[in-house]
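**Student:** One structure, pasted below without further comment.
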Amino acid sequence: MEKYLSQLNEAQLAPTIQKDGPMIVIAGAGSGKTRVLTYRIAYLMSQGVDSFNILALTFTNKAAKEMKGRIADIVGDGEAKNLWMGTFHSVFAKILRFEGHHLGFPSNFTIYDTQDSQKLLGSIIKEMGLDKDIYKTKQVYNRISSYKNNLVTVKAYLKNSELKEADIAARRPRMGEIYQNYVDRCFKAGAMDFDDLLLRTNELLTRFPNVLAQYQNKFRYILVDEYQDTNHSQYLIVRALSDRFQNICVVGDDAQSIYAFRGANINNILNFQKDYDDVNVYRLEQNYRSTKNIVGAANSVIEHNKTKLDKIVWTANTEGEKVKVNRLMTDGDEGRFVASSIFENKMQHQLPNSDFAVLYRTNSQSRAIEDALRKRDVPYRIYGGLSFYQRKEIKDVTAYLRLILNPADEEALKRVINYPARGIGQTTVDRLVVAANGFGRTIFEVLQNIDKIDININNGTKNKLKDFVTLIDSFQVMNQTANAFELTEHVTKSTGLIREVNKEGTPEGQVRLDNVEELLNAIKDFVEGQIELADAGDSLAEFLEDVALATDLDADKGNPDHVALMTIHMAKGLEFSYVYIVGMEEDLFPSAMSMNTRSELEEERRLFYVALTRAEKQAYLTYTLSRYRWGKLIDAEPSRFIEEIDDQFVEVLTPINEPRQNPMLSADIFGDIEPSQIRFKKPIKRKKEAKPAKFVAPKNLKPVSKSSNTNDNTNLFDDKLAVGNFVEHARFGKGEVLKIEGKGPDVKAEINFEVGGVKKLLLRFAKLDVLG
Ligand SMILES: Nc1ncnc2c1ncn2[C@@H]1O[C@H](COP(=O)(O)OP(=O)(O)OP(=O)(O)O)[C@@H](O)[C@H]1O
Ligand SMILES: [Mg+2]
């Protein structure tokens, strides 16, 4: 352990080895907060704390896995296994499996994901005969989610005139009824949504003191990462569990609080000292992640926020390159710039793809980047789009599995009752739902008694329904003996699902088929890792729980060496050598929807701070002059955040695809100044410009000199290459030299190529043949 403790600086060591009592580490990005948590857990174990008595809550399951791996390196595999570590949702889902019966939930309760919840709300709104343009499912869902995260139960809602008035003002006076129906239907279906996992845990710990005492005793040491983004519900759970022993260590950075829009409460971090007695407050100031330029840039940005704790962040790392800002014409150009820059940096510094990340404000921005990366054959992965487990074909298979385990699961049943098609129409399903609601029974119970009840369904259809029940029954019987993999394989075959996904034999169908196969592989892996579980049924339940809580960030699928594409929200806590932040435009970032109040704008700024501080070596910011938004091409202005970075940390790149040979244009915009000298004191707003004419090479050009194969072409080109020369490049074809700039190893040429238009190349690396 000594050896490991020496890998911490003094400031980090103190919270790591304070064994007991409440403590908070407030520190800026990259200062080692997560490292402190990791080493602290290992330290506690080395001091004789039983691994069963430690609970660590992280922001993603991936972070938990990595932390566990690191701890296993220090203390050994066996002990690390017993640690309770994961996101709030996954940890408390596990506890609810054991304890949910106190609240009337079966241990095999289903977890409804957002899609399931919204579908259920959609049908409730329809059944109540409400206008779906006013009662928009998504908004209703968000509203209910915020009640739950603030522990406002239906009962509390009905007593809360403020909330009710807000809903009436939003022309939704029947929110209370919807909320009630939704809670009832989830309960009847034996289902909890994401927010219930926290809300019900709170209910459990409040209503059942014995249960609370049991878990207080179990979790004698509690650690929370990214504490600044806990919501009220999470805060109360941590408080309750740590109340007895008060061995609570939370780490966070108020400057990185970016989930207020989802109910995160920055006051949790600000008030921590009031919640416990004798809190030790630790501060870390040295950043180990980033260069001086990046740390300086990030510090200068966050300075603009009024609401913040005073913090110092400095680094002993090298100066590094300045934060590079580039302006492009369109999002297509932006994508191409990012792709070629990644490509060049990769080649120049011999780096793996996984050293690069592209971050954006909204998911829809990924498409242009993807297109460009694909053209360059750069492998990439999008995180946080539709997660693997949310794809239709995967949800169809898992719906069968959910139904086998929990026949009350209404959303699963509705999903598969007529998939693959077995002649059971929507009207029949609607009648079943009405009957189930009328009898206070589940739909499956109605199906089991279809002959005994009075329901307007013809005999032919009744027979089909009975066949469906028999089918599910047979799967349940199989589940008694077979493992999850055998069962799933059998389900996909015997229902005809596997045939259905690729019945057209199209490439898309093949992808769906591959996905189902991938799911089977995942289940097999899971089953093989679960052999110690004697009860086959358990392995299926556990697998489904992992599936429901899986975010795309957690899955490690496919080629591990890829460029990561994700929203900034997803990137919290992560680090990459090279980070490209795209779409740095007003109304996009900061988002038009978050500029109404100072606090919203400050949250956007914190988001930018998070984005910048992901970079270790180099950060690029790009913005475009026009962008398609809501189907229209609009003029875009550079984000105010670019201006907010202190000039000394920024370098403005000459826009690569700008028609520099047009003197009107340079005069118009830059006067006599080189664009690279421009600082963004005022946003530069311009109209759409024409691209340079496509280069067509004159005939009869022949090579007059060839670039050497060494990495140093400087001498060759320093004197030989001149403006007006024709050259040839292996990939871009022939081109005309428009401009030469720089000295020695930094000589660059701007060349208008046949393929891809104007490019700026560092001659040291460009393999060019001069033609004459
Ligand atoms: N004392 C140290 N010596 C060397 N490297 C360190 C030290 N402390 C932290 N690091 C490294 O610095 C990087 C940032 O650390 P870490 O991720 O723990 O910071 P953080 O404060 O959790 O950042 P964030 O706020 O972004 O979550 C990591 O790569 C970590 O391994
Ligand atoms: Mg961290």
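Placement of Cβ uses the backbone N, Cα and C atoms for every residue, glycine included.
Found this in TrEMBL, in case it helps:
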type    : residues                                               : note
DOMAIN  : 6-291                                                  : domain 'UvrD-like helicase ATP-binding'
BINDING : Ala27, Gly28, Ala29, Gly30, Ser31, Gly32, Lys33, Thr34 : ATP binding site
DOMAIN  : 292-573                                                : domain 'UvrD-like helicase C-terminal'
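Describe each of these features in terms of where it is and what it packs against.
**Tutor:** Secondary structure at Lys33 (ATP binding site), as computed by DSSP, is helix. Neighbour count (other Cβ atoms within 10 Å of the Cβ, all protein chains): 26 for Lys33 (ATP binding site).
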**Student:** I want the residues beyond Ala27, Gly28, Ala29, Gly30, Ser31, Gly32, Lys33, Thr34 whose C-beta is within 8 angstroms of the mean position of the ATP site's C-beta atoms, in chain order.
**Tutor:** Asp253, Leu284, Asn287, Arg289
**Student:** If you count Cβ atoms within 10 Å of the Cβ of Thr34 (ATP binding site), leaving out that atom itself, what do you get?
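**Tutor:** Summing over all protein chains shown, Thr34 (ATP binding site) has 20 other Cβ atoms within 10 Å.
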**Student:** Out of these binding-site residues, Gly28, Gly30, Gly32, which one has the fewest other C-beta atoms within 10 Å of its own C-beta?
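**Tutor:** Lowest Cβ count within 10 Å among the binding-site residues (Gly28, Gly30, Gly32) is Gly32.
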**Student:** What three-state class does DSSP give Ala27 (ATP binding site)?
**Tutor:** strand
**Student:** Mind looking up the mean pLDDT for the domain 'UvrD-like helicase C-terminal' (292-573) in the predicted model?
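**Tutor:** Computed over the domain 'UvrD-like helicase C-terminal' (292-573), the mean pLDDT is 89 on the 0 to 100 scale.
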**Student:** List the binding-site residues Ala27, Gly28, Gly32, Lys33 whose Cβ sits under 6 Å from any atom of ligand 2, in sequence order.
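**Tutor:** If the test is a Cβ under 6 Å from any atom of ligand 2, the answer is Lys33.
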